[in-house]
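Asker: Got a structure for you, written out below as structure tokens; questions coming shortly.
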Amino acid sequence: MELIFLGTSAGVPTRTRNVTAILLNLQHPTQSGLWLFDCGEGTQHQLLHTAFNPGKLDKIFISHLHGDHLFGLPGLLCSRSMSGIIQPLTIYGPHGIREFVETALRISGSWTDYPLEIVEIGAGEIFDDGLRKVTAYPMEHPLECYGYRIEEHDKPGALNAQALKAAGVPPGPLFQELKAGKTIMLDDGRQINGADYLAAPVPGKALAIFGDTGPCDAALELAKGVDVMVHEATLDMAMEAKANSRGHSSTRQAAALAREAGVGKLIITHVSSRYDDKGCQHLLRECRSIFPATELANDFAVFSI
């Protein structure tokens, strides 16, 4: 998997940062796998500066209904339709997302020529497609808001083909059954258990993408042990009280959570427009003083998971 940040500014865009939107490229060889987390104004313009086509999008996750996370959605939906894209799209978001989308399309005389499903969510598991599952956790914010935990299922270990051939198992369809952990019977009556010829499973990756939030009860469970945690760092340590009063977090709080949760990497985003490049480096230094494995997201930055 890889993350592509399309927008990293909080509240309003700046000359170098658009408002919030994050692409998750699942990099699955046989299935569509491009997900979008939040869709601030101008997201479709940001997409034009990447190698990704909106037609590859099959899921959009909205954290909450504040405009800097949402106002780019109607335009993206319409442009996707005007481009002749017919691939189905599912939108997940809090209560009100259906009314917002349907109203925007209706009063603008717009529609989609592709199947569009809108799912209003609550806390808990959203779906499990057999390859990965997504779970929503409630955030601490003035509006109903969610963070998302994406967990890949463990992958089967490699099949020891050499040992199977030595045991007299012919390559072909039987190998596929054994790869699935099944037991087969050979023509000579011997039973071969696939589990005996599989290496240990390959652990799946886990990712936590937080919505806007101050310190909250669900944060540790959402982030626990993930490979990558994406968290806002709207303001610096000195302005922590102001950040919390508006349902946001400081650099210290994001980094302390990453340390407590035992994450592999922290990526901070949703930076207040008050910070220029020098100020953003100050935010990064504050985080790294607590959790060294911290990166600062810039627009179009790409991170492998």
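Placed from the backbone N, Cα and C atoms, the Cβ positions cover glycine too.
If you look up Swiss-Prot, you'll see HIS64, HIS66, HIS141, ASP212 marked as Zn(2+) 1 binding site, on the strength of sequence analysis. Taken from Swiss-Prot, the feature Zn(2+) 2 binding site covers ASP68, HIS69, ASP212, HIS270. Among the features that Swiss-Prot reports, active site, proton acceptor is placed at ASP68.
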Asker: Enumerate the residues of the same chain, HIS64, HIS66, HIS141, ASP212 excluded, that satisfy the criterion Cβ within 8 A of the mean position of the Cβ atoms of the recorded Zn(2+) 1 site; list them in sequence order.
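Answerer: Output for this site, in sequence order: SER63, LEU65, HIS69, MET139, PRO142, LEU143, CYS145, GLY211, THR213, GLY247.
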Asker: Report, as a single number, how many Cβ atoms besides its own are within 10 Å of the Cβ of HIS66 (Zn(2+) 1 binding site).
Answerer: 21
Asker: Within 10 Å of HIS270 (Zn(2+) 2 binding site) by C-alpha distance: pick out those among the binding-site residues HIS64, HIS66, ASP212, and say none if nothing qualifies.
Answerer: ASP212
Asker: Near the Zn(2+) 2 site, what residues other than ASP68, HIS69, ASP212, HIS270 in the same chain have a C-beta no further than 8 Å from the centroid of the listed C-beta atoms?
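Answerer: Going along the sequence, the neighbours appear as ALA10, GLY11, VAL19, THR20, ASP38, GLY40, SER63, HIS64, HIS66, GLY211, GLU232.
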Asker: I want to verify one value. Collapsing DSSP to three states, which class is HIS141 (Zn(2+) 1 binding site)?
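Answerer: The residue in question, HIS141 (Zn(2+) 1 binding site), is coil (DSSP, three-state).
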Asker: How many other Cβ atoms are found within 10 Å of the Cβ atom of HIS69 (Zn(2+) 2 binding site), counting all protein chains shown?
Answerer: 27
Asker: Non-local Cβ contacts of HIS141 (Zn(2+) 1 binding site) (under 8 Å, 6 or more apart, same chain)?
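Answerer: Long-range Cβ contacts: HIS64, GLY211, ASP212, THR213, GLY214, GLY247.
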